[in-house]
Amino acid sequence: MTARGTRKNYQRLWRWGTMLLGMLMICSAAENLWVTVYYGVPVWKEATTTLFCASDARAYATEVHNVWATHACVPTDPNPQEVVLGNVTENFDMWKNNMVEQMQEDIISLWDQSLKPCVKLTPLCVTLDCTDVNTTSSSLRNATNTTSSSWETMEKGELKNCSFNTTTSIRDKMQEQYALFYKLDVLPIDKNDTKFRLIHCNTSTITQACPKISFEPIPMHYCTPAGFAILKCNDKKFNGTGPCTNVSTVQCTHGIKPVVSTQLLLNGSLAEEEVIIRSSNFTNNAKIIIVQLNKSVEINCTRPNNNTRNRISIGPGRAFHTTKQIIGDIRQAHCNLSRATWEKTLEQIATKLRKQFRNKTIAFDRSSGGDPEIVMHSFNCGGEFFYCNTSQLFNSTWNDTTRANSTEVTITLPCRIKQIVNMWQEVGKAMYAPPISGQIRCSSKITGLLLTRDGGKNTTNGIEIFRPAGGDMRDNWRSELYKYKVVKIEPLGVAPTKARRRVVQREKRAVGMLGAMFLGFLGAAGSTMGARSMTLTVQARQLLSGIVQQQNNLLRAIEAQQHLLQLTVWGIKQLQARVLAVERYLKDQQLLGIWGCSGKLICTTTVPWNASWSNKSLNEIWDNMTWMQWEREIDNYTHLIYTLIEESQNQQEKNEQELLELDKWAGLWSWFSITNWLWYIRIFIIIVGGLVGLRIVFAVLSIVNRVRQGYSPLSFQTRLPTQRGPDRPEGIEEEGGERDRDRSGRLVDGFLALIWDDLRSLCLFSYHRLRDLILIVARIVELLGRRGWEVLKYWWNLLQYWSQELKNSVISLLNATAIAVAEGTDRVIEIVQRAYRAFLNIPRRIRQGLERALL
């Protein structure tokens, strides 16, 4: 009965307790999320940075690129790392690639650097008296072979023998000199057949290339400084723009040969499967088309003339190198390539173009005109600049049923040689390439083409005409750099978690850790944010990978140039790369220090996560998203989150400072430190001054009050007798009355005595009041403890009651279940028994039925 009464009395309390428990469960389900900082996450963003070069060049090589690479490029990595990024899709755009612009500037700087110490040919800007060199010879082919060997005979007037006056080693004396010039290098004066001048003489400063320099390029690798990476697209059919699903990361590109050529791309990389055509816009005929072959076409070029070189003095300390004479027959330079291989290549290109341009007939034609560098295939062969006529290569029509056929096995391209070259099509810059002695032979591989498409009326006839193009060397570099892009690594990431920074403590500065290669940590880019395979420790260590090794390599390259007392463009870039790598690391460490996360890979904060930044749940974030996807999700709020973390850390440091200021009172012995004595004296003076001031104020108030009542002021220590009541008469003269028992405070004289008396009264008053307060608090605590004990006993009894009720309910439920199961079992057994008996009685029932039928 007592338990039932208790349940009846506290039924309302039970209802409120249930509601409170439900609210707690709801609140726990909607748990707050907090911003957490992660250091070492595999996240990157597109960037432009200073690239430096790596090369296998040797110091004893005299070739211009080799010398340049030896002094300014770092050695290539013997074991380059390429990390495949699984489950990563990245957008590439070869037409908006800053690496191309950098390479263009670098190659131009290379040529300028190589020509700086060379001789200027300004004294040769004089009138030249020229006559045509006789190019006929008795040793030419006979008449039966004139058709096939017509290219061997140099055209009349192609080579000219010129005389001119030049300054000798003595400035005021002139001397007549003779030299051989090619027709492309001189211009007639006033349409005169005998008076000429050097080309570009009136518009450019002509610089003679140094005699020991050749122009054969060697492979160069473009590398990024630490903190950056190069993403590489490995899709075999990648067209240069759009998403790429097979992505890897490297520190340096493959070896790229800086071959300066037009129309045909030489000694480049090949497509892996089939021919690929690339253009920024195929519908715009002004845009160039870059063709990448899947199989190279070998082209062999020759200058058969056996030239001799002559040195002509054009002033003190300056010499002009020219062709003195040609020994033997004067024959034309030429290039040979296989017709079958070339036609097969053109067929593959035409097939690709036909698919791109709606099955129209594809026609190839010669260049439409322009500078010699564009009209002809220009390139450098053994130090001489060849200009070859490619009309035989681009003179065919292709459709589904017909193709060009020819019985000739070899295609021979007639070539002209030019010594004065207008480099990079820039006004004011021209170079004179000294003649090379002896015969010249070179072999190259055609790996690509540069084409343009005609616009206008021809397209309406179902024919698309394509012509060779070139001239902009950016397209040459773009054909090799199409699959690369530079990104900067963003190792700092923020994400919501349930953890909140609880303890205010001072963080210690951590020394930076070194790793092997910083590219390794990007291998986890395709993993989810919560994947166990992604260890932040390894990734954070690898963030500095390459910095130390890279700095050492760059320093060696820079030190190699110190004896020259000058830095090439690469030396400057390497210095920039060194500074940039350190700045990137220090910037991240500075942010971690500002946020109070120095030396931590995972750092909790007190900044609550705002659902407006991202309303995804923790499971959606950590189990389904990569760090790259998450970074794109919150990219617009990253700066705001960083600001909030900084403000939170500033507030925490203020709280920490206030907390540390209380540490000096932690030890009792510090109270007696001599450094605190002046503070104690100051406090004592303030207290005494306050007491004296209060005493004076109260005294003045007392005087004012008494003056208002009509009394004159008395001494400050005079105590007036206490007024007796009406039932207490005064004493009489005969001493018959009560002895005077009026109370009065003791009288003191002097200022110090007055202060001491007031201070004693204040201390006694404080003691009594403090004692009363302690007694009151003790009484309250006693009452609360007693009441709390009673409440605990009540809850314990209530818990025991409900436990017993729950136990009884469970027992009743089990009993009811057992009874129901037992009854069900009995029913089943009874049904089975009846069925069994019915089965056994079947013969009896049959017999009884037969008996009734017979009766």
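The backbone N, Cα and C atoms fix where each Cβ goes, and this holds for glycine too.
Here Swiss-Prot annotates a disulfide bond for CYS130; of CYS118, CYS125, CYS162, the partner residue is CYS162. Annotated range for region 'MPER' in Swiss-Prot, selecting from 661-682, 749-770, 771-792: 661-682. From the options 235-245, 367-377, the stretch Swiss-Prot describes as region 'CD4-binding loop' is 367-377. Long-range neighbours of the region 'CD4-binding loop' (367-377) within the same chain, counting only residues 6 or more positions beyond its ends whose Cβ lies under 8 Å from a Cβ of the stretch, are 184, 261-264, 386-390, 394, 413, 416, 418, 422, 425, 454, 467-471. Per-residue confidence over the region 'MPER' (661-682) averages out at a pLDDT of 69. For the region 'CD4-binding loop' (367-377), the number of residues in each DSSP class (helix H, G, I; strand E, B; coil) is 4 helix, 1 strand, 6 coil. The two recorded residues, ASN134 (N-linked glycosylation site) and CYS73 (disulfide bond), have Cα atoms 48 Å apart. In this structure, the C-alpha atom of ASN267 (N-linked glycosylation site) lies 12 angstrom from that of CYS442 (disulfide bond). Ranked by Cα separation from ASN636 (N-linked glycosylation site), the recorded positions CYS118, CYS130, ASN246, CYS381, ASN624 are led by ASN624.
Cβ neighbours of CYS223 (disulfide bond) (same chain, under 8 Å, six or more residues apart in sequence): LEU51, PHE52, CYS53, ALA54, VAL74, ILE230, GLN251, CYS252, THR253.
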